[in-house]
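Pulled from TrEMBL, these are the features on record:
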type: TRANSMEM; residues: A:29-52; note: transmembrane segment
type: TRANSMEM; residues: A:72-99; note: transmembrane segment
type: DOMAIN; residues: A:77-283; note: domain 'ABC transmembrane type-1'
type: TRANSMEM; residues: A:111-135; note: transmembrane segment
type: TRANSMEM; residues: A:158-185; note: transmembrane segment
type: TRANSMEM; residues: A:206-235; note: transmembrane segment
type: TRANSMEM; residues: A:264-283; note: transmembrane segment
type: TRANSMEM; residues: A:352-377; note: transmembrane segment
type: TRANSMEM; residues: A:404-434; note: transmembrane segment
type: DOMAIN; residues: A:408-596; note: domain 'ABC transmembrane type-1'
type: TRANSMEM; residues: A:446-467; note: transmembrane segment
type: TRANSMEM; residues: A:479-499; note: transmembrane segment
type: TRANSMEM; residues: A:520-542; note: transmembrane segment
type: TRANSMEM; residues: A:577-599; note: transmembrane segment
Amino acid sequence: MSVVAPPDHPSSGGGWARALAAFARRAPLLPVLIFLALLMVWPVAQLLGLSFFNDQGQLTWGHYSQLFSSRIYVEVLWITVRLAFFTTVVAVIVAYPVAFVIANSENKVRAWLYFLVLIPFWTSFLVRALAWMVLLGRNGTINSWAQALGLTDAPMSLIYNFAGVLIGTTHALLPMAIIIIVSVMENIDQNLSKAAMTMGGGRGTAFWRVFFPLSLPGVTSAALLVFLSALGFFITPTLLGGRREVVISQLIITEIQEMLNWPFGGAVSVLLLGCALVIFWLYDRLAGFSALGAAAQARVAAEPSRLSRVFARLSIALLGVLGRITDRLLALAGADSRPLEDSRTGGRSASLAWKVAAGSVLFFACAPIFIMIPVSFTQKAVMEWPPSGFTFEWYRMYLQSPQWISATVTSFTVAFAASLLTMALAVPAAFVLIRQTVVGRSAIMALLLSPMVVPRIIIAIALFYVYSGIGLVGTTVGLVLGHAVLSIPYALMGVMTVLRNYDERLDQAAQILGAGKTQTFVRITLPLIRFGVLSAFLLAFITSFDDLTVSLFITGGLSTTLPKQMWEDATLQVSPVLAAVSTLIIVFMLVVLALLEWLRRRGEASLKAQAGQSQ
Amino acid sequence: MNPIQETAGRQTVDAARNLTGRAVKLQVEKLAKHYGEFTALSPSSLDVHQGEFLTLLGPSGSGKTTLLMMVAGLVVPSGGEIRIDGRVATSVPPSKRDIGMVFQNYALFPHLTVFENIAFPLRMRRVPEAQIRKDVMRVLEMVELPHVAERVPRALSGGQQQRIALARCIVYAPSIILMDEPLGALDKRLRDQLQIEIKNLHKSLGTTILYVTHDQQETLTMSDRICLMNHGRIEQVGTPTDLYFTPKTEFGAAFLGESNILPIADVTASDGGISFTLPLDGHVRMSAPHSTVAPADAAKIMLRPEWLSVTVAPPQEAFNSVRGKVADIIFTGEVTRYFVSTGSGTPLAASQLTRPGDRAINVGDDVYISWPRERTYVLAREGAAA
């Protein structure tokens with residue numbers, strides 16, 4: 001029976017007092033809502049609004065007719081959507097086996113594999129794009145190895161074309177896809193596949209008819225988020241694409257930074273946001289929003305649309321056929337007689353084929369990052385493969401450059417301040433959202449998570465526009481506020497997860513035993529959730545530390561951050577100093593990740609202690 | 001009914017009578033809770049006397065935990081009042097109500113040792129350190145676990161954790177103890193043992209206990225009085241024997257203990273009670289001479305399986321009886337259970353003490369099921385004035 005205090009319906013005397021108390025319990029939600037309304041909703045609305053007015057402030061469709069009259073813009077839109085589409089397809093397909101192996105491994109192995117996914121996930125897009133430049137370049141790693149092995153005579157063009165961009169963006173978004181799919185697969189009852197097999201299904205049938213359909217919500221939400229992210233992407237396309245791979249975000253940047261054409265930039269932003277919304281709508285039709293964020297559980301929409309019912313019937317038939325085929329193949333290979341339960345792994349194990357597939361994908365995800373380390377010690381003046389000689393020259397240059405050092409200091413300061421602010425806003429909100437029923441909860445959640453969904457480039461420009469009116473451009477305060485907007489969803493989800501697993505009866509017990517609200521929080525709640533809160537803080541920290549998009553627009557001079565400094569260097573000249581800085585960032589990330597992992601284990605131990613008791 | 005049950009029942013009734021003379025410790029008046037459109041508890045009133053062991057019994061969703069949580073101060077009532085020792089406590093925070101609570105999952109603090117868990121309420125009351133040490137060790141002795149003081153809760157077994165939760169609850173001697181299905185997570189043997197321990201604690205401490213469970217056996221074993229709940233309202237409050245022998249509603253008759261509940265027809269008043277026919281077996285007139293239900297309200301009769309005799313020979317005149325065929329016989333040890341299908345196919349359950357060499361009746365035999373007329377318990381139709 002639920003013990004959470006829900007909204008009270010004042011029925012008798014003292015109704016006002018009760019209503020007031022009910023409001024007071026939900027008041028901690030207000031700061032974060034106001035914050036996002038001011039720094040996210042209002043700026044984006046203004047930016048979008050701009051596109052409907054001309055210089056004289058009259059309503060006009062002019063910017064849009066300009067947008068659609070020129071072939072260039074439509075073509076750019078087409079390139080962007082095509083890139084996003086292929087990225088999504090490739091990323092989801094290669095993510096699936098990795099997620100499958102992770103979800104079906106025993107706990108210790110799973111933790112390590114997951115760690116291997118988190119490394120690329122938290123390494124900045126910029127560092128990873130630079131790594132691909134070294135790998136794919138004319139004198140890059142792959143070309144030099146291919147030539148050494150005699151596979152080709154002349155260097156292949158792997159970069160500055162669609163394939164190069166596709167590899168880069170897929171690599172950029174793959175870890176996210178894996179994480180989302182794993183979160184759904186982990187909640188699929190292992191016994192269901194076994195049950196299917198006891199009822200006469202082969203391994204293949206059990207997978208295709210039971211496991212795969214249950215994992216689909218993960219696949220579709222991964223696809224949605226990858227697509228949306230790819231839509232607003234510009235870092236990888238700019239660094240790895242050729243002249244023909246201009247994407248919509250680059251167009252927005254050019255319009256606003258070089259042409260200062262705000263209304264037109266706004267119109268292009270509307271186009272980008274429109275694309276995102278259409279995708280959302282399609283997703284809702286086909287998969288239903290219940291699947292999103294259902295990381296928690298794979299629920300079937302209460303009233304499936306006709307389209308999704310037809311879709312469902314077709315897919316059941318298809319899955320049946322796939323299952324039969326796989327069963328036959330496994331029988332031919334003699335692999336169908338493997339014992340069901342492996343006592344060592346407690347029945348969790350994936351077959352060799354899965355493991356090989358997952359291993360290669362994980363290698364693809366992790367290895368490129370480390371290519372930067374040897375390059376940073378090269379004696380050549382360009383980032384090239386193979387590195388020759390050994391020198392600390394580039395590290396020395398970094399340490400002696402006031403620009404680099406100031407950027408580093410700014411990055412740390414801003415990230416620290418932004419994550420403190422984020423936590424101050426997100427923690428109280430998470431408590432309300434988990435422990436109280438709130439009217440309009442889904443709308444509130446949508447607002448709180450919107451910085452993750454609205455293309456970041458739009459947030460950045462919108463903030464730039466609003467900031468320029470109030471003198472916040474180029475200030476640390478402006479940057480901290482902007483980064484807090486970006487970090488709120490991550491921190492909020494982190495804290496909410498911890499609180500969801502927290503047994504509220506512990507707080508109730510403390511209160512009955514005589515502890516007041518404050519004492520309960522300090523002596524019971526906080527000690528039990530501190531690891532989770534700390535890791536949410538670190539997530540916020542990395543989000544800010546890693547951000548290029550917002551920094552690109554609202555910093556300048558002394559307030560330049562590390563990613564922005566790297567971006568400027570990367571677009572002008574590609575010096576091994578970048579490799580040195582990248583190496584330092586990678587090492588820093590690894591330290592933070594190791595810390596996060598340690599916190600996660602500690603947190604899990606204290607949650608397990610609670611769970612162990614309720615058995 | 002056998003004589004042992006009869007005396008045991010009488011003792012409980014006597015105990016309850018003594019209690020009603022005592023002061024009212026906890027008074028719940030028209031307490032209600034709504035969650036939006038959903039009513040978790042309709043306005044309900046209940047008095048709990050000083051030193052009484054009162055059980056809230058009901059299926060899940062009956063409102064028993066909601067009622068308990070409001071008494072604890074953990075759920076804000078939508079209406080009504082709670083009084084403790086005559087003082088209004090409806091809006092007193094849980095920490096100031098002088099209550100203790102034992103949770104189903106024990107709610108021991110996982111980051112504190114057993115000692116610190118038990119010391120927690122004392123520290124909250126700023127008890128001197130030396131006294132804390134003494135009190136904690138005293139209650140640990142009481143629950144026979146003095147050696148686990150420095151362990152953390154997860155290092156203990158379920159039964160041990162439950163004892164520690166009890167110790168933490170009694171260490172500061174709250175005047176009311178609330179228990180929310182405290183034995184629900186334990187296996188049967190441990191549950192039986194702890195039932196007796198809790199009962200003994202109750203006797204030696206003289207505390208008022210409000211206990212929530214859905215286990216009828218537990219309820220009958222432990223309670224002075226039972227408050228039977230269903231669909232967010234109180235169905236009946238009474239001693240275990242009251243509820244067993246004279247349930248007010250069909251729900252009460254079916255929920256507590258086993259029963260045969262049969263619809264009746266053609267009800268007329270006769271010799272101080274009513275007479276009627278059972279549609280399941282022709283139209284033989286039967287009577288229920290002690291029934292207090294008005295003929296117009298009489299809808300069904302309740303027969304406990306152990307009131308019924310199964311015989312091959314026709315019973316005496318003073319008995320109501322039904323003919324049927326034995327469908328199944330189950331031997332459960334001290335009791336043998338007979339399932340007899342009647343003319344219309346409605347099955348009746350009867351149980352009789354097993355006697356050695358009891359082989360007279362076999363599956364397929366035609367038998368009489370009979371019971372003394374005055375045992376016929378008539379249930380009023382729903383909504384009829386009680």
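Including glycine, each Cβ sits where the backbone N, Cα and C put it.
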Stretch contact, the transmembrane segment (A:158-185) with the transmembrane segment (A:479-499), Cβ-Cβ under 8 Å, 3+ pairs: no
Stretch of maximal Cβ-Cβ contact with the transmembrane segment (A:520-542) [cut-off: under 8 Å; candidates A:29-52, A:404-434, A:446-467, A:479-499, A:577-599]: A:479-499
Candidates A:29-52, A:264-283, A:404-434, A:446-467, A:577-599; stretch with most C-beta pairs under 8 Å toward the transmembrane segment (A:479-499): A:404-434
Contact yes or no, the transmembrane segment (A:264-283) and the transmembrane segment (A:29-52), 3+ Cβ pairs under 8 Å, gap 6+: yes
Remote residues contacting the transmembrane segment (A:111-135) - C-beta distance under 8 A, at least 6 residues beyond either end: 98, 101-102, 105, 141-142, 159, 164, 167-168, 171-172, 174-176, 178-179, 182, 235-236, 239-240, 358, 362, 365-366, 368-369, 371-372, 375, 383-385, 542, 546, 548, 563, 566-567, 570, 574, 578-579, 582, 585-586, 589-590, 592-593, 596-597, 601
Positions on the same chain near the transmembrane segment (A:352-377), where near means CB under 8 A and six or more residues out: 94-95, 97-98, 100-102, 104, 113, 116-117, 119-120, 123, 127-128, 130-132, 134-135, 141, 171, 174-175, 178, 383-385, 387, 389-392, 394-395, 576, 579-580, 582-583, 586
Residues from the same chain, set at least six apart from the ends of the transmembrane segment (A:206-235), whose C-beta lies under 8 A from its own: 80-81, 83-85, 87-88, 91-92, 95-96, 99-100, 125-126, 129, 169, 172-173, 176-178, 180-185, 188, 192-197, 247-250, 253, 272, 275-276, 279-280, 283, 286-287, 291-295, 298-299, 315-316, 319-320, 322-323, 326, 453, 455-458, 548-549, 567
